[in-house]
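Have a look at the structure below, then the notes.
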C-alpha cells in the first residue's frame, strides 16, 4: 500500500499534529516510510488541487487530505470549508483512488486542539485507518 498525504500549512500547529497522527498510525499498520509521500499546500482551499495533482502524478493507492479551518468573524470560513469539501467530494466521485477527508472545521482553536491529539483523540489516526480500509475495498473489487 502506498499513501499520499496533502497537508495544509495554515494552522500547522493543528495540521502538523494531524499529520503526525496519520503517519504514526500508517507505520503501526506496517507501512514503510518510502510508501508515504507527504506534500504541503498553503491552505485548506488548495487541498483539492494538491490531491488532484498527487492523484495524477504520483504512484499512490489513497490520498489523505489534511487541513484545519477555524471560524472567524467573516464568511470566509464558510467559503473555504464548502469549497474544500466539494472539491474532495468531486475527486472521490470522479477519481480512481480514494481521497480521505481530513479537514477539521471548528469554531475555536481549543476544539481543533481537542481533535488533533487532545481529549477527543487524533482525527489523523482515523483518516489513516479510513485510507487503509478504502484501499482494501478497492483491491477487493479488482480481484
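Each residue, glycine too, has its Cβ placed from N, Cα and C.
Residues annotated as 5-amino-6-(D-ribitylamino)uracil binding site in Swiss-Prot: 10, 44, 45, 46, 68, 69, 70, 101. Taking Cβ-Cβ distances under 8 Å and a sequence separation of 6 or more, the neighbours of residue 70 (5-amino-6-(D-ribitylamino)uracil binding site) in its chain are 11, 77, 106, 107, 108, 109, 111, 112. DSSP assigns residue 70 (5-amino-6-(D-ribitylamino)uracil binding site) to a strand in the three-state reduction.
Residues within less than 8 Å, Cβ to Cβ, of residue 74 ((2S)-2-hydroxy-3-oxobutyl phosphate binding site) and separated from it by at least 6 positions along the same chain comprise none. Summarising the annotation, Swiss-Prot assigns (2S)-2-hydroxy-3-oxobutyl phosphate binding site to 73, 74, 115.
Around the Cβ of residue 76 (active site, proton donor), 12 further Cβ atoms fall within 10 Å across all displayed protein chains. Here Swiss-Prot flags 76 as active site, proton donor, drawing on sequence analysis.
For residue 115 ((2S)-2-hydroxy-3-oxobutyl phosphate binding site), the Cβ neighbour count at a 10 Å cut-off comes to 22, with all displayed protein chains included. When the Cα of residue 10 (5-amino-6-(D-ribitylamino)uracil binding site) is compared against those of the recorded positions 73, 76, 115, the shortest separation belongs to 76. Put simply, 115 is the one of the recorded positions 73, 76, 115 whose Cα lies nearest to the Cα of residue 101 (5-amino-6-(D-ribitylamino)uracil binding site). Rounded to the nearest whole angstrom, the C-alpha distance between residue 68 (5-amino-6-(D-ribitylamino)uracil binding site) and residue 76 (active site, proton donor) is 13. Checked against residue 44 (5-amino-6-(D-ribitylamino)uracil binding site), the recorded positions 73, 76, 115 differ in C-alpha distance, with 76 being the nearest.
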